[in-house]
Structures are given as structure tokens and as C-alpha cells.
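Per TrEMBL, these features apply:
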type: DOMAIN; residues: 117-271; note: domain 'Protein export membrane protein SecD/SecF C-terminal'
type: TRANSMEM; residues: 18-38; note: transmembrane segment
type: TRANSMEM; residues: 137-156; note: transmembrane segment
type: TRANSMEM; residues: 163-183; note: transmembrane segment
type: TRANSMEM; residues: 189-208; note: transmembrane segment
type: TRANSMEM; residues: 229-250; note: transmembrane segment
type: TRANSMEM; residues: 262-284; note: transmembrane segment
């Protein structure tokens, strides 16, 4: 018996335990979200592009270090900011606009740099646009759940499949929000795009699994799962590998944000596929056998 079949067989034989584990993990995710919401007043840390504020971009041809920037910002009594960089640009996110003239003068004076006003630019973001993006994200998640439930129910005429897909979407989204809430990773528009994309992975994987579970009833349960497992897992593992390459190789904050969010979401989807999807289908099948 191959390693894959041993894993699937173990899940099949212990499906009730895995269902309990998945429920407990989901409860922990919900608890984390509620705790952070009541303690800090928000679920995830929105970036300046969503919450509103300023991003100061500094040309880094002069090899300015983060420590030098931090020292200068401390002299300017600026403490609430996020600092990150690429090989060519330094980014400073702040709620208030930074005095670029003073910033240039202090850097030139303290570190013998010849920065000019053309080396610095400031971008302003409105919180109205950010709130619109956040509200649209919530709307699309709810709409996706409703439409997917309707289409799947019409296609398969089975409420158990609909329930499985809804549970997957909720696990992926709630789990992702919980992890982002813990890490306090600043999420912008690209992060929300990544969140929306995981809905496609969750639905697609479940449709493949559901099709084999429902249409191939003459085959053993574990064999039906194996048929869909390789297709679904291969797709997500390749996507995860690509995203990790993007995150570690491409020095662009917007790309890193997208890759970070979607990578976590795919890992959660892979996890729930094993401890939630397969055990839930096995539970429904075992229950049906007991009733017949």
C-alpha cells in the first residue's frame, strides 16, 4: 500500500476524530478573531492603502539603511509608521504626512548623503476607498457562498455536498483572518484579492471531490477519494510552490502581500481537505449505510 493510501485509509478509519479536530480548530480561529476584535477594535491590520494615510517613497540609490531611517524618524518624533524596502526603494507608511524637507535635511546632515527633493515622493490614500474595498470583499464572500450553494445543490441535488463546500469556505476564510489577526500583517487591496482567489481553490477542489464521491458509487470510498485527491492536491501544491517563489524572490511589497495571503489560504485549504472534507463525506456515507 502506498503512503498516500495509508494516509487516506487512516483518515477514513478515524473520520470522527478528524471531524472533532476540525471543529476545535475552527472554534480556536473564531476565538482568536473575537479576542482581537474586542481587545483592539479590529480583526486584521489594514495597510495604509486601505485604512488611509501616506506612503513616503525614497530612492535608495544611496544605500540608506533601515536603521538610519529609523533614527531620523525618531528625531522627527514620528513613532507610528511601518518601514520596509526593496533593493531600489524605501517605503514608509504613516497615518500622517511626513515633512519631506526635514527628512531630506536630516539624512543628508547625519549620514553625509546627497538626497534631493526628486528622490522622495509621497502618495496619499483615502480611507473611503479602503472601506469600499473591505465592504466589497465581505459582500463577495457572502454572495459566493449563496450562489455556490445554489448551483451545487441544483447540480448534485445533495445538501451534504453544499454543506461541505460552505464549511470549506468558512474554514479557509475564518482561518486566514485569524492568522492575519495574530501576525498583524498589514493587508491592502492585493491581500483582499488573494482572499477572494482562495474561494476558487476551495470550490474547485470540492467539486472534484464531490463528483467522484457521488458519481463513482460502485467503487470503495477510499478509491473515490484517491481519484480526486491527486488532482486537487497537485493543483494546490503547484500553486503554493509558485507563490512561495514569488514571496522570496520578487522584492515587491504588493507581490509579497498577495503571495503571503494566498499561500496561507492554500495551506489552510489543504489542511481542511484532509481533516474536514474527507471525514465529512465519510460521515455522511456511514450515516446513510446505518439508516439503510
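Even glycines carry a Cβ here, placed using N, Cα and C.
Just so you know, TrEMBL annotations never went through curation; they're auto-generated.
In this chain, the transmembrane segment (229-250) lies out of contact with the transmembrane segment (163-183); the count of Cβ pairs under 8 Å, excluding pairs fewer than 6 apart in sequence, is fewer than 3.
Relative to the transmembrane segment (189-208), the listed stretch 262-284 leads the set 18-38, 137-156, 229-250, 262-284 in CB pairs under 8 A. The transmembrane segment (262-284) is not in contact with the transmembrane segment (137-156), judged by fewer than 3 CB-CB distances under 8 Å for residue pairs 6 or more apart in sequence.
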